[in-house]
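Report on the following structure.
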Ligand code: SF4
């Protein structure tokens, strides 16, 4: 890029606001660790059902090391080792793996598992379930599969109107972990209007990482002329960060890396806020910041909106494989 970086603003005025927290969450770190450890311990090839996390860069890097990404369990040869992605799987997928004698390593994020457990609990108690989320997302496919006979998916407040249930006094809702806080609130509000006795999870299903990254954008967007979100187009939480910015009236774009930046976006822009979705590696954030530096944004200021310190233990299959080191419990530490 030659000239697009901010006509009308002197280089000394131009700065990058680097949001924190940003990028990898504990569930993504754990999932990538699981694939790497499995490759080191068992050797290639290791099959992975779907993208381990929704980021092309991460998937390509693991594929180069010997991970083979498949769409379905049927694509894994009998008896081989397969890793479930961070987004989770339905019981039907677990059954199919059993039937094929596959050696399963489960990289489902513990916070997705929490939602699965809630779905099973509500279904057992005789509730009709409303699952708030995006129908085409891997996570919703997995959660829906826990109680498909009693679960309906809604993606917007408008869809709530047409919901039909056998008993309006026995309805429960759950949500995808990576929704927009604002949108989920509106949908839950519409559900409460339609079903005043509806019950929900004890603590919200939207995960800490999704919430923190959205809160960071919400806090900083008003000081920025442009928000760049590093993340892949199929990453739900990354898309939500763009929406948060745009809803606040600040232009926002989702970019895989610096090559996706259109120089025209930077015209007349003094302050660029940069963040990253929970599946986007820091190396891509650095690439974007370097690009901005080279284009006149000399000052880079990290803006920490809140501290974040969450780690999850590895699953038992991996702990056993590496000789018992680590724990098999998911332990969020805030
Ligand atoms: S975004 Fe949230 S639910 Fe998804 S992997 Fe990360 S911590 Fe888990």
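We number each residue from 1, going along the chain as drawn.
Cβ atoms are placed via backbone N, Cα and C, with glycine included.
What TrEMBL says about a protein is an automatic prediction, not a curated fact.
Checking the candidates 180, 203, 279 against TrEMBL: the one annotated together with 54, 87, 137, 235, 236, 237 at the isopentenyl diphosphate site is 279.
Residue 25 ([4Fe-4S] cluster binding site) sits 12 Å from residue 177 ((2E)-4-hydroxy-3-methylbut-2-enyl diphosphate binding site), counting Cα to Cα. Ligand 1 lies under 6 Å from the Cβ of 25, 177, 207, out of the binding-site residues 25, 54, 87, 177, 207, 235. Summary for the binding-site residues 177, 236, 237, 279: the Cβ-based neighbour count within 10 Å is maximal at 279. Counting only residues at least six positions away in the same chain, the Cβ atoms of 25, 27, 109, 111, 177, 178 sit under 8 Å from the Cβ of residue 207 ([4Fe-4S] cluster binding site).
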